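Q: Just lifted these from Swiss-Prot, have a look:
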BINDING   GLY277, GLU301, GLU339, TYR341, ASN497, GLU501  substrate binding site
BINDING   ARG323, ASN324, GLU325, HIS331, ASN332, GLU494, ILE495, GLY550, ILE551, ASP552, ARG553  ATP binding site
MOD_RES   ALA2  N-acetylalanine
MOD_RES   LYS88  N6-acetyllysine
MOD_RES   LYS141  N6-acetyllysine
MOD_RES   SER207  phosphoserine
MOD_RES   SER395  phosphoserine
MOD_RES   SER590  phosphoserine
MOD_RES   THR591  phosphothreonine
MOD_RES   SER596  phosphoserine
Amino acid sequence: MATLQECKVKVDGEPKLSKNELKRRLKAEKKLAEKEAKQKELIEKQLSQAAAAAATNHTADNGVGVEEETLDPNQYYKIRSQAIHQLKVSGEDPYPHKFHVDISLTQFIQEYSQLQPGDHLTDITLKVAGRIHAKRASGGKLIFYDLRGEGVKLQVMANSRNYKSEEEFVRINNKLRRGDIIGVQGNPGKTKKGELSIIPYEITLLSPCLHMLPHLHFGLKDKETRYRQRYLDLILNDFVRQKFIVRAKIITYIRSFLDELGFLEIETPMMNIIPGGAVAKPFITYHNELDMNLYMRIAPELYHKMLVVGGIDRVYEIGRQFRNEGIDLTHNPEFTTCEFYMAYADYHDLMEITEKMLSGMVKSITGSYKITYHPDGPEGEAYEIDFTPPFRRISMVEELEKALGVKLPETSLFETEETRKILDDICVAKAVECPPPRTTARLLDKLVGEFLEVTCINPTFICDHPQIMSPLAKWHRSKEGLTERFELFVMKKEICNAYTELNDPMRQRQLFEEQAKAKAAGDDEAMFIDENFCTALEYGLPPTAGWGMGIDRVTMFLTDSNNIKEVLLFPAMKPEDKKETAAATETLESTTAGPSV
């Protein structure tokens, strides 16, 4: 803000400000100076109290720290850091090595919730631990804490009469603030109003929180902060914890389901000389010792099929894939999939397995085959998704012809330039965007997305893809130009992809060569030729079916999340603004470099 003196002169030929504007600015300057002086006075007072607390173990506000809550976060951090430093100087360790917990907060609540109001079990002493979310004083000798952990809350009713000594009672309660992690040794009981509590004999500070914790009443709603500081999100928002519990249940269910079918869980490389197994753009890394580029895996498929060649008939893997593509509501550069390969099976068998797995999973986790989903967020329209088997099945080309109202060329001609031109013209006529290169496979994919996928609310198998879209799938046994492949769509999004595997090494090499031509034409997502895999096929791959499912998208449906970042603990985020980062660093340095008291 310009000072009054600055306002009295012309700058770069600009006219002087009016008298009223000068008065307004002078008044604003005075108000700002008063505010800064008041804040400085408050900081000095708090620093003085912090030093006094460490020396005398007593403060005027019973240790609740109400005035501290009025400070800005940086001031609060500075005061708290110096108070903790003072504890260390006085010989006390605010970060003890160990605190033995007898019973979890959840177990405590389950075991003692039947107590009657006013009960106090003095013959039972237990140890619990958790994070303080609220602190309330009722006079000088009774302080209440809300202790949270494991998604539950337990009240701590600290009374000087029950504490090991009044001096210790004052000392510990002066130290504690919202956000601190504490250990509590005490007796189960209930207040006269019926609030289940632990009545402490001793409280131990286990790890102080140096930052001002947002109040649960207001919560943490800013999505940028929630995703960048997931630890804070988990501290304040229990619904986030519940989402990741559901995610863990999904993975556990899949693993158990496949184990019972006799599948062997395996691990395959995440860095490869050649990226393969899917049509996608890979990440490139560099290996110093080998002096060569390596690719982060986009899919584990080729390794799995080589293991089936080796005689392991049923294999599966749950792990991360990496694709150097866009970030949006349903895509993250690294994501989790489950893939399995089953010898002596075809895509019809996998449709049945998919129905059993998904319907059973939804019923097991939610208690019903039907779920409610909000694709546009909690405030948007709600859809009911029914996972009751069997799922709807449609043939891709036949259904696309119906939706477009046109007769497409015979599928045996889909690899011709004439078909590509027809599809190109249809996309133009229907205003369907397709960035170059406008290959037949890409044009088909855009048309299917625009006209078929949008009809798939309940689980729907889109089957029998053209061969030009499926370089690793086996040709259809009765429909020339098509493959025995399906994709499962739910709420317009693909969650599964599977097919009868191509096991003819000559045909596989030919398709790889066609993919190489597409890559040379500018298609970054086309596949490389993998000679090692082709050689493995020459030893004989039995009739096999392969399947892949995105864990993240399934989790989105079962947790009613419309953004993939909600179901990833640490999603990919754009870097923060450099100026903001520098300012934050400068602030941190200034608060940590201050003198100790």
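In case you wondered, yes, glycine gets a Cβ from its N, Cα and C as well.
Give me the lay of the land around each of these features.
A: Following the DSSP three-state reduction, the secondary structure of GLU339 (substrate binding site) is strand. Cβ environment of GLU339 (substrate binding site): ALA299, PRO300, GLU301, HIS304, TYR316, GLU317, GLY546, TRP547, GLY548, MET549 lie under 8 Å away, each six or more residues apart in the same chain.
Within the same chain, residues at least six positions away from ARG323 (ATP binding site) with a Cβ under 8 Å of its Cβ are ALA278, ALA280, LYS281, PRO282, PHE283, ILE298, PRO333, PHE335.
Counting only residues at least six positions away in the same chain, the Cβ atoms of PRO94 sit under 8 Å from the Cβ of LYS88 (N6-acetyllysine).
Other Cβ atoms within 10 Å of the Cβ of LYS141 (N6-acetyllysine), summed over all protein chains shown, number 16. In the three-state DSSP scheme, LYS141 (N6-acetyllysine) is classed as coil.
Contacts of SER207 (phosphoserine) defined by a Cβ separation under 8 A and a same-chain sequence distance of 6+ are given as PRO94, TYR95, ASP180, ILE181, in order along the sequence.
Reduced to three states, the DSSP call for SER395 (phosphoserine) is strand. Its own atom aside, the Cβ of SER395 (phosphoserine) has 16 Cβ atoms within 10 angstroms in the protein chains shown.
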Q: Out of these binding-site residues, GLU301, GLU325, GLU501, which one has the fewest other C-beta atoms within 10 Å of its own C-beta?
A: GLU325
Q: Out of LYS141, SER395, ILE551, the recorded positions in the record, which is closest to TYR341 (substrate binding site) when you go by Cα distance?
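A: Of all the candidates listed, ILE551 is nearest in space.
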Q: How many Å lie between the Cα of LYS141 (N6-acetyllysine) and the Cα of ILE551 (ATP binding site)?
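A: Rounded to a whole number, the Cα-Cα distance is 52 Å.
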Q: With every protein chain in view, what's the tally of Cβ atoms within 10 Å of the Cβ of ILE495 (ATP binding site), excluding that atom itself?
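A: ILE495 (ATP binding site) is surrounded by 21 other Cβ atoms within 10 Å.
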Q: Which residues, sitting 6 or more apart from GLY277 (substrate binding site) on the same chain, put a CB under 8 Å from its CB?
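A: Result: ARG297, ILE298, ALA299, PRO300, GLU301, LEU302, TYR303, LEU472.
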Q: Taking the mean position of the Cβ atoms of GLY277, GLU301, GLU339, TYR341, ASN497, GLU501 as the substrate site, which residues outside that list, in the same chain, have a Cβ no more than 8 Å away, listed in sequence order?
A: ALA299, PRO300, LEU302, HIS304, LYS305, LEU472, ALA498, GLY546, TRP547, GLY548
